[in-house]
Amino acid sequence: MLGSLLLLAPLAGAAVIGSRSNNTEPCPGYKVSNVREGVNSLTADLSLAGKPCNTYGTDLKDLKLLVEYQTERPDERLHVMIYDANEQVYQVPESVVPRVEGRKGARPHSALKFTYEEEPFSFTVTRDDEVLFDTSASNLIFQSQYLNLRTWLPEDPYLYGLGEHTDSLRLPTTNYTRTIWNRDSYGVPQNSNLYGAHPVYYDHRGESGTHGVFLLNSNGMDIRIDKTEDGQQYLEYNTLGGVFDFYFFTGSTPKETSMEYSKIVGLPAMQSYWSFGLHQCRYGYRDVYQVAEVVYNYSKAGIPLETMWTDIDYMNARKVFTLDPERFPLPKMRELVDYLHKHDQKYIVMVDPAVSAVDNEAYEHGVDQGIFLQQQNGSLYKGAVWPGVTVYPDWFHPDIQEYWNSEFSAFFSADDGVDIDGLWIDMNEAANFCTWPCADPEQYAIDNDLPPAPPAVRPSNPRPLPGFPDSFQPSSSKRAVKRAGGSKGAKVGLPGRNLVDPPYKIQNAAGSISNKTINTDIIHAGEGYAEYDTHNLYGTMMSSASRGAMLNRRPDVRPLIITRSTFAGAGSHVGHWLGDNLSQWDQYRISISQIVAFASMFQVPMVGADVCGFGGNTTEELCARWAALGAFYTFYRNHNEIGSTSQEFYQWPTVADSARKAIEIRYKLLDYIYTAFHKQTETGEPFLQPMFYLYPEDENTFANDVQFFYGDALLVSPVLTEGSTSVDAYFPDDIFYDWYTGAPVRGHGAKKTLENIDVTHIPLHVRGGNIIPVRSSGAMTTKELRNKSFELIIAPGLDGTASGSLYLDDGDSLEQKGTAEIKFEYRRGKLSVKGSFGRSAAGVKVQAVKVLGQKAESRMSAFRSTEFELTRPMEISLQ
């Protein structure tokens, strides 16, 4: 049975030796020959140094080594690649992850240096004589379906990254395995592989600096962090294939190290101003009337709602690119969208990759174009998800973009479709409910009631919705009711591999690598890549195609796309929500380390968790705390699942109060957020940051994953436990100011207990040395907000100075015709304003300047004074 699922092409074209063996003796490693060194590069041949061990496949006899010094001081990057001599082994396609160019470094002058031992081959990367990476811990193994490499680490290292996971920000250092294999992972459990693949880690060494190590490899892998029996610390890669394609990068600070990573995987995409507003969604809104009622209720409660979302409920029998004709009929949907747009609000729906294989145009179009995944016998590959039996788009197919554009243009037409403003893509790991080998998806769908039965049809809305069209009112009102292994140099994978049951078993929480996903023996169209190698790319390729389709609809507008599955570099296309979390306090807490890791270390800065939790029933207290914490994510969305307690912010008085207060702060800060986010899209400098990014020599910050910096200026210290009204917040050796009172807090590198924190309140402190431009007040929509004047909050540092910046543009255009970039400096009691003042600053004024930590003197009659603040009304034009 198994044999029929394998690729059994001969191995004649590959430089391999023997077959799988039970030999448990150490593998021989490789020896170096034919070394050629240049000013900025090194190449060499590697040949097997002895008898093959064939532990989890066949040892490859001949390899190549490439070393490139890609950049110069102070921010340096070293590229080290070990690959097969014939270049048959799969490599991540450049069409998915474009390669960074560079041989600008010079080996004699580089702080990063590569050295090697000839036999058995090992290599070391050093930074100014400090060892960063040392593979002498074990011999290199490079087999047809297994790669192994181990590096020594310093004692008790501070390691971060290797996402996606819900473990601590600082990774455990003993008996810890990070499995990277994207999967549908409801409840986002700890110690488990989740939705995304980010094989990059950061090693922070305090005063000596920070460096990162990125392995550009999309195969499934286990990365182990542990100690040997004699206590030596190591990190070990165990991958199911691909090549060792390493990038070592460093900066003078942790922040600059993250910036260097952005040069490798790509800068994040800039988002529209409105995308930073509040978003509301739920799986289980029964019809368009209920969606409209939620919009109305937010307005009635005085809680600003920027964007309304609809989950899979809007579809006809859960089929993508369809509408339920009775519960979400097109005329009503168009009225809903028109209403939102007239009120300066936005609308987003969800699209899954899986297309129903039963009676729908998207399926017929895809079959006609041949763009769905196929079995090796040419038949369509089928799985089972929400609509029942499904097929899956092949993102490698040369015509896939044309197909995706066409479906988007028709269904989301502004003229006669659902005119969405953004997009949510889900289930794109890809998810498959059917257990491998899923021999009969049709029967599985029947046995599991897929698609599920929809709710009963309501002929009209049961309650009046003032301001909505007549068709949204109760019936009593005036209304009308209604392919195989590659050749030499192809880089698509060796022939003859077992693509569904590899000898080495990664610790995939779902079991078999084909379980609950697309079968890994599928061969993609085009170049002939195997799903075995490209599985972790599926979601990111959908992201890229979806961005293309949204730009095809509106070429001049930045598309907001939020995805579940990601790979390294996904931030250049999309934002990410953290998946199907639970309404639990531990998941509220762990979301902090998740958003910080994605934004600062993985360069996916548009990120947030489902506020109040997706699965299970939230509580009033948890939701109130989460409404406040979520206001300090970059992506701020309330979302929960069908059958759970309704958790829109207006459902409880305390939650509504918490949300109003938090959104007021967020909206005042929105241009500060927008400015810092824009900077990350230009330079890679992170917006959301762990504490050690700003205090890299303070060891007390290294493992702190319950506080974070919102930009450089704002420290967020949420209450962490149920029933508590206090939090032990750490303050580094610096000056901070209470956001609410302006009171100075002199940090001394110790924790301070903040007490009497109301459930509607979140502790915030402004870091000294910063100037924050804020809007004079909040607003119900971001469009209204943009008409508000500015105030400047000046928080003098220990030296009495402060600085800040403000970026302004039209908020939406992909290419800007006029921008303003303004710098503020405060020294010796004087404020200077400099910069480029484009037309985006027209009509924008600063109406007041607030200096924190100051008290008025009798001669300062022009200032309004509180105990710890001085505010000077004024008018500064930013034109």
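Along the chain as shown, residues are numbered 1 onward.
For all residues, glycine too, the Cβ spot is worked out from N, Cα and C.
As annotated by Swiss-Prot, signal peptide applies to 1-14.
The N-linked glycosylation site annotation in Swiss-Prot covers ASN22 (among others) and is backed by sequence analysis.
Listed in sequence order, ASP226 are the same-chain residues six or more apart from ASN175 (N-linked glycosylation site) with CB atoms under 8 A from its CB. Under the heading N-linked glycosylation site, Swiss-Prot lists ASN175 (among others).
The local packing around ASN297 (N-linked glycosylation site), expressed as other Cβ atoms within 10 Å of its Cβ over all shown chains, amounts to 18. According to Swiss-Prot, the feature N-linked glycosylation site maps to ASN297 (among others).
The N-linked glycosylation site feature in Swiss-Prot is assigned to ASN377 (among others); the stated evidence is sequence analysis. The secondary structure of ASN377 (N-linked glycosylation site), as reduced to three states from DSSP, is coil rather than helix or strand. Same-chain residues at least 6 positions away in sequence with a Cβ under 8 Å from that of ASN377 (N-linked glycosylation site) are not found in this chain.
Within 10 Å of the C-beta atom of ASP426 (active site, nucleophile) sit 25 other C-beta atoms, taking all shown protein chains into account. The active site, nucleophile feature in Swiss-Prot is assigned to ASP426.
Other Cβ atoms within 10 Å of the Cβ of GLU429 (active site) number 29 in total over all chains. DSSP assigns GLU429 (active site) to coil, not to a helix or a strand. What Swiss-Prot lists as active site is GLU429.
Feature annotation from Swiss-Prot assigns region 'Disordered' to 446-494.
The compositional bias 'Pro residues' annotation in Swiss-Prot covers 451-467.
What Swiss-Prot lists as N-linked glycosylation site is ASN515 (among others). Counting Cβ atoms from all protein chains shown, ASN515 (N-linked glycosylation site) has 19 others lying within 10 Å of its own Cβ. According to DSSP, ASN515 (N-linked glycosylation site) sits in a coil region rather than a helix or strand.
Within 10 Å of the C-beta atom of ASP580 (active site, proton donor) sit 22 other C-beta atoms, taking all shown protein chains into account. If you look up Swiss-Prot, you'll see ASP580 marked as active site, proton donor.
Secondary structure at ASN581 (N-linked glycosylation site), taken from DSSP and collapsed to helix, strand or coil, is coil. Taken from Swiss-Prot, the feature N-linked glycosylation site applies to ASN581 (among others), supported by sequence analysis.
Sequence-distant contacts (6 or more apart, same chain, Cβ under 8 Å) of ASN617 (N-linked glycosylation site) comprise SER583, SER644, THR645. Summarising the annotation, Swiss-Prot assigns N-linked glycosylation site to ASN617 (among others) and lists sequence analysis as the type of evidence.
Residues near ASN787 (N-linked glycosylation site) in space but far in sequence (CB under 8 A, at least 6 apart, same chain), listed by position: ALA779. Residues or ranges marked as N-linked glycosylation site by Swiss-Prot on the basis of sequence analysis: ASN787 (among others).
In sequence order, GLY187, VAL188, GLN587, SER591, ALA609, ASP610, GLY613, PHE614, GLY615 constitute the residues six or more apart from ASN581 (N-linked glycosylation site) in its chain with CB-CB distances below 8 Å. For GLU429 (active site) paired with ASN297 (N-linked glycosylation site), the C-alpha to C-alpha distance reads 35 Å.
Between ASP426 (active site, nucleophile) and ASP580 (active site, proton donor), the C-alpha separation comes to 10 Å.
Per DSSP, the secondary structure of the compositional bias 'Pro residues' (451-467) breaks down as 0 helix, 0 strand, 17 coil. The two recorded residues, ASN297 (N-linked glycosylation site) and ASP580 (active site, proton donor), have Cα atoms 25 Å apart. Spacing of ASP580 (active site, proton donor) relative to ASN515 (N-linked glycosylation site) is 19 Å (Cα to Cα, whole number).
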